[in-house]
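Only one structure is covered here, and it is reproduced in the block below.
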C-alpha cells in the first residue's frame, strides 16, 4: 500500500461520453497495470478493428478479473499521482451504474464527470433523459462536493479543439450544477482528449488556448475529507466470505469510527455479536481500520448464514439503528405518472436494498431554498422535492444523514430506473434484541 493519503474516486457521465477510455488512460499512465495486460487489450481491440477503444477493453479485462477472482480485498482500480493514492470505485458503463453510484457514491470522496463536447452527444447528456444531468443531481444528493468536469472529445468539435465550444459547455454545465447547490469553487473544468491523453496527464499541443491545470494536476488539488474517527463504528457489509482455515470474513468500508483487532462488534439488523480476530486491506494485515478503509475482517462467534450484504457492523454501545419508519427529504427524478401514499419503491441505502412504502407525504418543498410550498400534497411528480415518511417492508439499518451521511442517503428504484434520491432526516427505531 502506498504511504500517500488515499482518496476514493468515482467516474460519472452519460453513456458513450468516453468514461472508460479516460479511466483506462489514467490507469495506463499512472496506474498499476502491467505491460502484459495492456498488450492483450491492444490486441483484442485491434482484432475488432477498434484501435481507439483499447482502454475500454482494458477495463473490461480488469472487470472480468475482478468478478472472477474472489479475494478478500476489493481489488478496485488504483493509480497514483504526485500527492495521492487513488482508488476508482466504479468503472462505468454498467447496467446498474446509477444504483451502484448511489451505494458506491456513499464511498466517493470526489468525482470526475466526463462530458462529451461532440455535437449531439453533449446535448443528449443534458436532455431531460440524459445521464449527465442525472449523475450531477445524484452526486450532489450523495454528498460529493468535489467534482472535476472533464470535457472530452475536444478533437471532435467543429472546428476541432474549439475553445468556444468548451466555454459554452463550462457555462451551461456550471449553471446547472450551481442551481443544484454545488459550491463552484470546488468544481473544476478541463478540456481533454482521452485516447491521446491530452490534458489528462500531459499538456495538449492542440489546445494552446487552455492554460489551466491538467486533469492529473486537478486531482492533486483535491482536499482530503476529515475522518469521522470519533463517531460510533459503522461498516456497511458488501460481501461475506467463508474462507477455509480463516473463518467468516465480512467485507466492507469503514464509514465512521475505528475497528481494532480484539473489538466486539454487533451486526444489525440481526443483532449478532462477533469478535474481530484480524483485519486486512488490499492484502495487507492491519491492526486497526479507519474511515475510508476498504477491509475484510475475520470475526469469531458469527456464522456466514447470520450476516449478509446490506447488514451493518457497529459498536456494541451505540449499535446501528434498525428503522421501524423514517422521515426523509426526497427528490423525484423520474416517474411516468405520480408518486402518492402507498407507493413502494426499492430503497438502495449504503449496501442494502429493501422495498419501503411511502406512508405519508408530509410537505412539498422548494429544492433550491428548502422552504415548504405545500402541506400534505396528494401526489409528487418528476422534479418535485418533498418531506415524506417511509416504512421498510423488512428489517433495514437506517441512520440520520447528518449523523452518518453514508447510511442516511438513498436512491429509490422502480421499473429498472432511479425514481428518486433522498436523505434521512429522522428515524423511528425498532427494538432489536442483541444476542
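Using the three backbone atoms N, Cα and C, a Cβ is placed for every residue, glycine included.
Here is what Swiss-Prot says about this protein:
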type	residues	note
BINDING	13-20, 90-94, 152-155	GTP binding site
BINDING	20	Mg(2+) binding site
DOMAIN	4-229	domain 'tr-type G'
REGION	13-20	region 'G1'
REGION	69-73	region 'G2'
REGION	90-93	region 'G3'
REGION	152-155	region 'G4'
Positions whose Cβ lies under 8 angstroms from the region 'G4' (152-155), at least six residues beyond its ends: 17-18, 21-22, 114-118, 121, 161-162, 165-166, 191-194, 196, 198, 204, 206-207
CB within-chain contacts under 8 A for residue 16 (GTP binding site), separation at least 6: 116, 121
Secondary structure content of the region 'G4' (152-155), with strand meaning DSSP E or B: 2 helix, 1 strand, 1 coil
Residue 13 (GTP binding site) and the residue listed as 'Mg(2+) binding site', Cα-Cα, nearest whole angstrom: 11
Residues of the region 'G1' (13-20) by DSSP state, where helix covers H, G and I: 2 helix, 0 strand, 6 coil
Surrounding CB atoms that lie within 10 Å of the CB of residue 20 (Mg(2+) binding site), all protein chains: 23
Residue 13 (GTP binding site), number of other Cβ atoms within 10 Å: 25
Other CB atoms within 10 A, centred on residue 154 (GTP binding site): 28
